[in-house]
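Read the structure below first, then the notes.
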Amino acid sequence: MGTSTKTVDLVIQGGGVKGVAALGVILTLAEAGYRFNRIAGTSAGAIVGTLVAAYQRAGEDLHKLEPVMRELDYNRFKDPSTLERFTGPIGLGIDLLVKDGLYSGDFVQEFMTPLLEGVGVTTFDDLRLDDPDAAMPDYQAYSLVIAATDISRRVLVRLPWDYGQYGRQPGEQRIVDAVRASMSFPFFFRPVQFTTGAGEQVTWVDGGMVANFPVTIFDRTDDKPPRWPTWAVMISAEPVAADKPVTSALGQAHALYDTVLSAMTNRYHLAEEGLTRRTITVDTSEVTPLDFGLTRDQQQTLFAHGRAAGQAFLARQPSP
C-alpha cells in the first residue's frame, strides 16, 4: 500500500458516544495516504469530523486526536443544571418540562472550543475551500458540513451551506455552535434556539432526526463522474428488536434514538441505494449510543474496531 497522497470526501454517521470508532477508521485511512477534501458529519460524526477537518487544515498530525477522543469522559455531557445540583432527580424532571431537555448539552462547546482555537479554527471561514476546479456552488465551498434538523421549518439544515437561508453570513458562524445543534438529541439535550437575520428564532435539534447518515451529500448533480470517491463511516450497529414495553421517559429517549439510527442506516436501505460499496461499517454492537458511562476499555475496543474496519475496507479497494 503506497503512502502518496490520495483524496476522498468523507461522511461520518452519528452514533452518540461511539465517535472514537470513527476516529479509528480515519487514522487508518490517513496512514494509508488519504487526505479528506470535505467531511460531513451528524452528532458524534460532527464532533469527530470537525476536529479532523480543523487539525488537517492546520497541518497537525491527526494522531494527536487519539488521546483526546479515547480519554474523553462522556459523563460530562450530562452536565447538571443548577436546579438539578440542589434537587437531584426532581430537578431533572423540571428541566425536562421547562427547558425541553434533561441536560444543557453545552459541554460539547466547552470541550471543543480550546481544541479548535489551539489550531486557529473558530468560524467556518477558517475552513473555506480554495478549489477553482470544483463543480460546487460558492456557498458549498467549505471543507466541513454539519447536519442539524430545523423543527420550526421541518427541514434538514446543512451548516454552513444553509446559513444564508436564515439571513446569516455562513463564514462568520462559529463551528462549535453548529456542532452543538447537531448533537441536540430531543428531550435528552436542550435544543438550540437560532436567531435569524430578521430577528426571529427557529429551533434546531440533532441532525440524526432526518439525516443521520447523509452518504450522498457530496454527490455531483451534473451527471459527471466525481474527481474522487466519497466514503462513509457507519458507527451505529443495527439494533436487535425486542418485544418489551418502553415505560420511562429516559427509556423512551433511548429507544427513540435507536429507532432513528436503525431507520436511517439499515442494511436494506444501504443495499437499495447502492451505498454498501462505499460504506465502512464498524462493529459497535457492544455499546449503546447513549451509554455515557463508557469505560476506557470500551473506548479502546471501539477504537480498535474502527481500525480493523478501516483496514478491511482498504483491502477491498482495487489497486490503482
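Even glycines carry a Cβ here, placed using N, Cα and C.
TrEMBL entries are annotated by machine, without manual review.
These come from TrEMBL:
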type: DOMAIN; residues: 10-219; note: domain 'PNPLA'
type: MOTIF; residues: 14-19; note: motif 'GXGXXG'
type: MOTIF; residues: 41-45; note: motif 'GXSXG'
type: ACT_SITE; residues: SER43; note: active site, nucleophile
type: ACT_SITE; residues: ASP206; note: active site, proton acceptor
Other than its own, how many Cβ atoms are within 10 Å of the Cβ belonging to the residue listed as 'active site, proton acceptor'?
29
Taken over the motif 'GXGXXG' (14-19), the model's mean pLDDT:
92
With helix taken as DSSP H, G or I, strand as E or B and everything else coil, how many residues of the motif 'GXSXG' (41-45) land in each class?
2 helix, 2 strand, 1 coil
What counts of helix, strand and coil residues does DSSP assign across the motif 'GXGXXG' (14-19)?
4 helix, 0 strand, 2 coil
